[in-house]
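Q: Right, I'll just put the structure down here and ask away after.
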Amino acid sequence: MGFEELLDKVGGFGPFQLRNVALLALPRVLLPMHFLLPIFLAAVPAHRCALPGAPDNFSNQDAWLEAHLPREPDGRLSSCLRFTHPQALPNSTLWEGGQNPGEQPEGEPSTVPCPQGWEYNHSEFSSTIATEWDLVCEQKGLNKATSTFFFAGVLVGAVVYGYLSDRFGRRRLLLVAYVSSLVLSLASAASVSYIMFVITRTLTGMALAGFTIIVMPLELEWLDVRHRTVAGVLSSTFWTGGVMLLALIGYLIRDWRWLLLTVTLPCAPGILTLWWVPESARWLLTQGRVEEAHRYLLHCARLNGQPAGEDSLSREALNKVAAAERMVRRPSYLDLFRTPRLRYISLCCMVVWFGVNFSYYGVSLDVSGLGLNVYLTQLVFGAVELPSKLLVYLSVRHAGRRLTMAGTLLGAALALGFRLLVSPEMKSWSTALAVMGKAFSEAAFTTAYLFTSELYPTVLRSHQRKRVADNAGRSSSWLRSELQAPHSVEASQPGPSSRPLYWPRPRLGPEPLRAESAAACQPADRNLDPLHLGNADDFYFQQLSGTSGQERRL
């Protein structure tokens, strides 16, 4: 008897599993609020050089700025330069009362960087890290670096938590993720310097990676195969709730320190919920902790109303299951590339996850590129994810995972590709295509979790997701943040200073198209292809140990 048969006896989907999904909902809500936080945290409001000494009775501000600030080639007043000496303007009474424009000495540059700092427009954001430490103009790269280091931390943390959760258990490492995320985020909110903020934010990314690595396996290892689709779609709706909640919190709280504090404090009640979160019975059996597994399985049977007898849940039966689970050596990175078929699947999954994350975060972090209210756009981008999940559920049931994966990626590629051809003046069309691209990219994101895991044998399934799929996804998120994310709000201001920020956008069409090709080349899902979960297990064990999965289960 294998673990799947054991799970069927205690109930593979019922009140116990639904309670587990609800208890693990909080990390799914917190993740998007932190991952998409640069939209508000690192926003760069309109700014210009500080110009002290303006006359108290001066009413013509445009003329004053015209005399002190040069114009960019597109006609805007410069945000980063000022004239060395004020310029005389025709038909102006600006210099009455003893204020003279001055003369330009020979050989002296006509413009200089802002020597006395900047003045910011606080109408939309009262405080961001850009206004806190003047991360604009020559220092704008430091603003971008904050998200780069954050996602680098996520990438490293994914590897660390993946290894530690297999060694010490999912539940224990989830507690570590909660506590470390809370402490490090509070330290970030209390940062007194840019260096302190970058270090604590990087460590926070490492801590939050525990949520991405642990929550999904902890749910799936208590679910039977038949209900993983509906449970996966249901769980992903909490991510959407976090996206929409971030728009509301960002609108109500305009100071970056209080905003970071607000999205972090829910970790405190999350720590308390771990009292009711069950450890994975499968992991306990692989570690030989039969008594603990027996207690959790009995609790599952009682909540699900299953009459599990003493024979099916006896210590002897569990010892046999534990022995069968331990017969297979602990999987490693190399197992994902050990056979030609697994190499093919793993490499295709990397391409798929890169395209999925690139398109999703590319659209999500460019909310102000639409030229609309950033808070309303964030709310719409979150709301459009809900019908996308319904589409995924219906499509997976009727068309299968592979066709759904390829179709949603193709839809994202077409929507984002056509958006590149739309003139900037056609804002309504650009907005509609961006919303469609966000809907399809979210559908692809949800499907990817369901699709890639089922391509692997059972022993590698959670391992694959944690090591390859998630790491590849976080890598693309890191790249997205490095290229565009931190300046998504600043990019809404046209002009030379923001123009380079748009250069990654042409790749938003080709990347999901490349991922669509990789998804279409994958084996069909388990309902349509001989690579059924059982067949995949047999193939894997024959390749690695010379015994079939059926012999192992016996």
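Glycine is no exception: its Cβ is also placed from the backbone N, Cα and C atoms.
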Q: In TrEMBL, which of 375-396, 441-462 is labelled transmembrane segment?
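A: Based on what TrEMBL states, transmembrane segment spans 375-396.
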Q: According to TrEMBL, which listed range is transmembrane segment: 22-43, 176-197?
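A: Result: 176-197 is the stretch TrEMBL calls transmembrane segment.
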Q: Cβ pairs under 8 Å only, please: of the recorded stretches 203-223, 375-396, 403-422, which one is richest in them relative to the transmembrane segment (230-252)?
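A: By the under-8 Å Cβ criterion, the transmembrane segment (230-252) pairs most with 375-396.
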Q: Going along the chain, which residues at least six beyond the ends of the transmembrane segment (375-396) come within the CB cut-off of under 8 Å?
A: 36, 39, 229-230, 233, 236-237, 239-241, 243-244, 246-248, 250-251, 363-364, 367-368, 403-404, 407-408, 435, 438-440, 442-443, 446-447, 450
Q: Is the transmembrane segment (176-197) in contact with the transmembrane segment (203-223), using three or more Cβ pairs under 8 angstroms as the rule and ignoring pairs under 6 apart in sequence?
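A: Stretch pair touches.
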